[in-house]
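Student: Dumping the structure here so I can ask a few things about it.
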Amino acid sequence: MAAAVAMAARGCGGVWRRARQRGAGQPGPGPGPFPRGQRAVACNARGGAVPAGKSGLVPWVPVVGLEIHAQISSNSKLFSGSQVQFAAPPNSLVSFFDASLPGTLPVLNRRCVEAAVMTGLALNCSINKKSLFDRKHYFYADLPAGYQITQQRVPIAVNGSLSYSLCIDNKMSQMVTKTVRIKQIQLEQDSGKSLHDDTRSQTLVDLNRAGVGLMEVVMEPDMCCGEEAAAAVRELQLILQTLGSSQAVMAEGQLRVDANVSVHHPGEPYGVRTEVKNINSIRFLAKAIDYEIQRQIEELENGGTILNETRAFDSKLGCTVPMRDKEGKQDYRFMPEPNLPPLILYDAKSLPANMNHQQVINIDWIHERLPDLPSVKRKKLVEQYGILPEHSFTLLNEDGLAEFFESVVKQTQMKPKKVIGWILKDLLSYLKQHSLTVKESPVSSFLLADLLNLLEKKEISSPAAKQVMAIKAGNQKVLNKLIGLVQKKTEGRSNPVLVKQLLEKKLSE
Amino acid sequence: MGVGIKTRSGSGRVATARLSAQPGGPRSQWAAAFLAALPIVPRGVAARWRRAAAAPGEGEGRSAGVRRRRRAGGAMLRTSLRQVSAALKDGRVTPTELCQRCLALIKTTKFLNAYITVAEETALKQAEESEKRYKRGQPLGILDGIPIAVKDNFNTAGIETTCASNMLKGYISPYNATVVQKLLDQGAVLLGKTNLDEFAMGSGSTDGVFGPVRNPWSYSKQYKDKSVPKSHSEDEESNWVITGGSSGGSAAAVSSFTCFAALGSDTGGSTRNPAAHCGVVGLKPTYGLISRHGLIPLVNSMDVPGILTRCVDDAAVLLGSLAGHDPKDSTTIQDDFKPFEIPNLTDFSKLSIGIPKEYHAPGLSSEILALWSKAADLFKNAGAKVVEVSLPHTRYSIVCYHVLCTAEVASNMARFDGLEYGHRSDMKDSTESMYAATRREGFNDVVRGRILSGNYFLLKQNYEKYFVKAQKVRRLIANDFVKVFRSGVDILLTPTTLSDAALYTEFIQEDNRTRSAQDDILTQAANMAGLPAINVPTALSERGLPVGLQFIGRSFQEKQLLTVAKWFEKQVQFPVIQLEEVKRHDSGVFQHKKSASFS
């Protein structure tokens, strides 16, 4: 028994890494929705059967689904005119409606609806031309109305899918593409924030966030390990950022991920699931899920049972712990929101001729104006520049990096395949050393292109180019090395002081 | 058991038997049969109807000895809004003078308990501003300088808004309800906030934390002459009748001449019911025509701001100044609303009046039944088509309303947790115990009872069984109306209440739920269907109390509805209330005393 447990524990790295290709017998290449019965049979290593372990136990199949709340990037809140802003002074962005003053009514923000439609289209959803708002009731200090307005019965978008890629064994060269089904996207209000002051045993409430628009993206339980979930969320994050529908910064709470985790034996019904909350980075998401899978397997192998509970991830301890509140067991007493008429969207066909364009949202119009999504951008980069697919992933992984690359390519005679190495290997590592983003890079695309041109013309050597870049990127110590190179080239005939002055002047240009 | 005629039991009234025996009888003969079936037409009703009503100010005849100016003041207060507006324009009275007179009358009629808050200071300021505009010759319109009152469930910036509940005692809203803002923008003078049942949950205006409202007609000569007191002292105190509700304060305020118009709210009949009992016009406009922003909700999907006035023309004036799209209320219609003056009804050949047989409900007094049929005859004799119609699902309205109302109440009241505003209990053991204590202390039994039932209906295992079913029934009720109107009927004519106003002592014998169910029975369906409806005071009962009839119109066809109502109003010549009490206290009319609130 103990061996099996240890095995499972080790499996965190290996056993769950790769799912057997799902729906192998499924016709068509597309990432279309998988029929329920056909989803992952086993999440195992190297595509084979999960090793049963020395004790001969049946393998465990982890099942992971995600509920993601993405804060909509908009000037004002979902149902009120208050401004949306991160880290503003407490309670400085609160309208009468946000504070639930009696007699106030919700007025839907058009921008939030458009953001949800864009996101729905980008995730291959069907957009519901008629969706409804509901009230979800619970008492909590940061929920002033005693209910949250959400879309429980008919959400704005349903039945979509998200393709994401992950590499095997941390090898960039071995990438697989997977698909997770999107059950729905619903519009809803964010809550305020409660700050508990335990020493004075009081709770302080900040309503700045109360009523900010959220898109809840519900992913079907098509994933089977932390890494898959992390890759899916990362892809979603990139899509949201590309669309501009959410800034999706996890650290600022603009993207909040809850994971539903269960384990079961192949061919058996799903196990009892737990919901893991309080995950504030993608890295922790993977950790939390893998920990929870392992915990459940251990619990079951030891003859225990899994409770349908909400657990919080403790990033310091690296484990999940039961949450005290019993929110999950509440009856939310859903009810239609009577103050908001059904949300009606149009397409080119159904658009009424005499309708004021300010009053209507045209799905087709939004569709036509969708920007290139990350997957398309990557494909274009690979096709246009002949770079490796895994490099296209890295290029899109940071905001502005692909643009930087393209800009350098345009200004240099060096082949894109070579340029990519300079950017991904050298520039990025220098930037990382100094904790800088591409957008903050002291080495402009122009300068890098110039440098690479010199290199192409063999006017400077590769080490010299690297030194220049390093200095430019902030490493002054490298200047001495450069002086050494000049000395070497001039066979010691140059004045080191003068060389230093000249170099400094040149580099600061 | 439903409300249907056949289920009616008891006294074996002939009218009932006849009507149920021939539900499918020839429509044209229905009204005649209806009337003929009555063994006796109540004398009082018949006699009063024949006599032309007194002109406004008729009551002055008795106070011949009163000083002239004071009499003029009384007469001025008893005119219609349009008339007093003309007087303001002509300079026969100034806004300040008018405001002072109203404020003085509010004081002398304080025993009615119509007002929760009297905003004396701000009212006088508003009157002063109005006066300046008149002096410049630039009044803002017909409402400039007109004293009005507003039910205390509409938010008013700077003036307490209590909903007659401990929960909101002392609550001062930072904003005006859209309807309040519109009135102020047009120069109206806001005298104060009127009494109601707590959070508008009731049909008597007896269940508020500030005590019951007394019906001004309790103190009228008409009522006193009819009601024979048993013993003097006892009777003065126990002989008064309720106003109906929940907008009883507003109805009493208009009826006792302390203001020229008042806002109520109408969710199941809360404007029309007290209007009927207090002898004033009560208009419930089409849902979506007037903004609810700032009206503290009872049932969002049925609430409508209501209009209480002395006559139908005045109701049209108020409607014109309040109706229209409000960006702050997404359920208001986008179409522009054109204010109108009510035309005279001359062509009856195209008018079809429907008499819904289901409104012949159990408990309908024979007096009202007689009035109803007489009214039908009036239209018939004028040349209109009068047809019996059926609204078969109306009988389910009460239970359906109970589920939908309590569910929304449970939801709407969730915000009162003591955190952001309103009452907060001293209980500090935990947030949950603070919530519980706050709500126990803040709400009365009626509100708490409805919250409890509503939450029960919304539970996951009950939602389909109760809430969804009730919604479906609501649709059926609404469709009944659609069918009837589609069949060519223009206006429905029904009683507004089952009987005249009950004695307070009798009224409180039954619990709020039973009373509300009975009292809303004839008015509620219009809210279910969102239709416009109006109470027109029709006659006095044998007890000398007002009785009204209700007209229900097509959606957004207020003009047609009011046209018919105005014609009817002219025919019935409802008598003016003769308020001995008001006259006796009239000496205070010009003695302006400063005090912000009487409550």
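Cβ coordinates are placed from backbone N, Cα and C, and glycine is handled just like the others.
Curation does not apply to TrEMBL; its annotations are automatic.
Feature table excerpt (TrEMBL):
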| type | residues | note |
| --- | --- | --- |
| REGION | B:1-25 | region 'Disordered' |
| REGION | B:52-72 | region 'Disordered' |
| DOMAIN | B:102-562 | domain 'Amidase' |
| ACT_SITE | B:Lys151 | active site, charge relay system |
| ACT_SITE | B:Ser246 | active site, charge relay system |
| ACT_SITE | B:Ser270 | active site, acyl-ester intermediate |
Student: Counting across all protein chains present, how many other Cβ atoms fall within 10 Å of the Cβ of B:Lys151 (active site, charge relay system)?
Tutor: 32
Student: Determine the Cβ neighbour count for the residue listed as 'active site, acyl-ester intermediate': the number of other Cβ atoms within 10 Å of its Cβ.
Tutor: 38
Student: Measuring CB to CB from B:Ser246 (active site, charge relay system), give everything in the same chain under 8 Å that is also at least six residues away in sequence.
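Tutor: Listed in sequence order, they are B:Leu196, B:Asp197, B:Ala200, B:Met201, B:Gly202, B:Ser203, B:Ser205, B:Gly264, B:Ser265, B:Ser270, B:Pro274.
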Student: Taking the domain 'Amidase' (B:102-562) alone, what is its mean pLDDT?
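Tutor: Reported value for the domain 'Amidase' (B:102-562) is a mean pLDDT of 95.
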